[in-house]
Amino acid sequence: MLGAGYGLIERAAIALEGERIAWVGEEAELPVEFAGAERVDGQGGVVTPALIDCHTHVVHGGQRAREFEMRLEGASYEQIARAGGGIVSTVAATRDAEFDDLLARALTRVDALIAEGIAVIEVKSGYGLDLETELKMLRVARALGEDRPVRIVTTFLGAHAVPKGMQADAYIDEVCIPALEAAHAEGLVDAVDGFCEGIAFDTVQIGRVFDRARALGLPVKLHAEQLSNIGGTKLAADYGALSADHVEYATDADAHALAASGSVAVLLPGAFYTLHETRKPPIAAFRKHGVPMAVATDWNPGSSPMGSLLLAMNMACTLFALTPAEALAGTTRDAARALGLEDRGVIAPGKRADLAIWDISDPAELSYGIGINPLRTRIYGGRP
Ligand code: NIG
Ligand code: FE
């Protein structure tokens with residue numbers, strides 16, 4: 001059956017009032033009060049919630065094409081990071097970049113996502129690793145949402161890597177946590193993230209950041225179990241995290257913990273693909289325990305230089321065996337959940353009128369195409 005698993009309504013109508021959805025159902029049952037409203041004809045296309053990219057690093061300086069070449073020559077992501085490349089090389093480029101330059105480059109990335117029908121983009125800091133640059137990144141992120149019709153959700157990722165010349169513990173206590181407090185005081189932080197990994201921070205260090213986030217009333221999320229399992233997913237679940245992201249090395253017990261805490265597993269197939277990973281996230285366990293799964297680009301210059309959420313959906317299906325219906329839920333309903341946004345990501349009365357109209361006849365086409373963008377119109381807050 002066409003559209004099974006999507007809640008698809010054939011010959012549907014959606015009534016909008018201001019920024020909100022007022023009614024949705026069969027066109028034949030449209031309440032008379034909307035009969036005289038201005039109409040946009042869907043022309044046989046498919047309407048979905050506008051897409052949500054719930055994990056990106058689109059604010060960054062420089063590029064790391066040389067590391068791409070090094071990996072093709074046999075070096076691993078971890079080896080490159082331990083040799084002084086990786087995240088800290090983007091830190092140098094981001095520290096050097098002027099605010100306007102960072103903003104201009106990030107705007108081109110945001111425009112590419114908007115062109116795919118995206119209405120919400122999460123943007124992380126984490127390439128500053130000092131107070132000044134972490135604040136600069138988050139201010140750029142906020143500016144993106146002022147310059148473009150898109151909702152930007154900012155995430156403080158001070159605990160992303162240990163900067164050159166510092167010890168991890170000292171960095172967390174003397175730089176990262178004070179930077180978090182300063183960024184929060186400026187209203188720049190919607191959530192707090194960390195990178196829990198052998199090449200970054202352990203659960204005790206991340207726990208200190210999360211304790212401060214909790215004290216400030218900020219939700220947390222975590223890059224967890226990407227390259228190994230060191231307990232990040234369980235830590236995230238213990239803190240009631242919005243999401244645990246990557247999670248290739250998560251176990252059945254981790255999936256159980258995420259389900260119990262109501263956290264979303266954010267799948268990032270672009271990083272899995274770029275780093276030639278072979279260990280896949282435990283999709284069957286997530287399904288079994290009822291863990292919501294989101295899909296995002298992880299757009300960053302190192303592990304996922306990927307500017308297409310539609311491609312991430314395709315990869316989530318092809319590489320991780322998500323169904324196209326799961327991939328679409330993962331870039332709408334469950335992506336909203338991963339950001340703590342209750343008022344969008346589904347087409348229902350009262351929800352925000354962020355919609356995408358596609359030139360397709362089956363919603364599975366969104367995941368099936370490779371490098372194809374069938375967007376016809378994006379509606380943002382009720383406005384085309
Ligand atoms: O989500 N895993 C850590 N952080 C990023 C990579 C950042 C980078 O390599 O610059 C990620 O994959
Ligand atoms: Fe990331």
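Cβ atoms here come from the backbone N, Cα and C positions, even for glycine.
What TrEMBL says about a protein is an automatic prediction, not a curated fact.
Note that this is a predicted model, so its numbers are computed, not measured.
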Practice task
Check TrEMBL for me: it has ASN300, GLY302 binding N-formimidoyl-L-glutamate, so pick out which one of TYR6, TYR127 it puts in that same site.
Solution key: TYR127
Problem - Record-annotated Fe(3+) site (TrEMBL): member among HIS184, HIS223 besides HIS55, HIS57, ASP298 - result: HIS223
Practice task
Given that TrEMBL annotates ARG64, TYR127, HIS160, GLN226 as binding 4-imidazolone-5-propanoate, state which candidate in SER303, SER308, SER361 belongs to that site as well.
Solution key: SER303
Fill in the blank from the handout: Of ARG64, TYR127, HIS160, GLN226, ASN300, the binding-site residues lying within 10 angstroms (C-alpha) of HIS57 (Fe(3+) binding site) are TYR127, ASN300
Exercise for the section: Indicate whether GLY302 (N-formimidoyl-L-glutamate binding site) is helix, strand or coil by DSSP. Expected result: coil
Exercise for the section: Go through the binding-site residues ARG64, TYR127, HIS160, GLN226, GLY302, SER303 and pull out the ones with a Cβ less than 6 angstroms from some atom of ligand 2. Expected result: none
Exercise for the section: Output, ordered by sequence, the same-chain residues six or more apart from HIS160 (4-imidazolone-5-propanoate binding site) with a CB under 8 Å from its CB, or 'none'. Expected result: ILE87, LYS124, SER125, GLY126, TYR127, LEU129, ASP193, GLY194, PHE195, ALA200
Exercise for the section: Just give me the nearest neighbour of HIS55 (Fe(3+) binding site) among the binding-site residues ARG64, GLN226, ASN300, GLY302, SER303, Cα to Cα. Expected result: ASN300
Problem - Entries of HIS55, ARG64, TYR127, HIS223, ASN300, GLY302 (binding-site residues) sitting next to ligand 1, with Cβ under 6 Å as the cut-off - result: HIS223, ASN300, GLY302
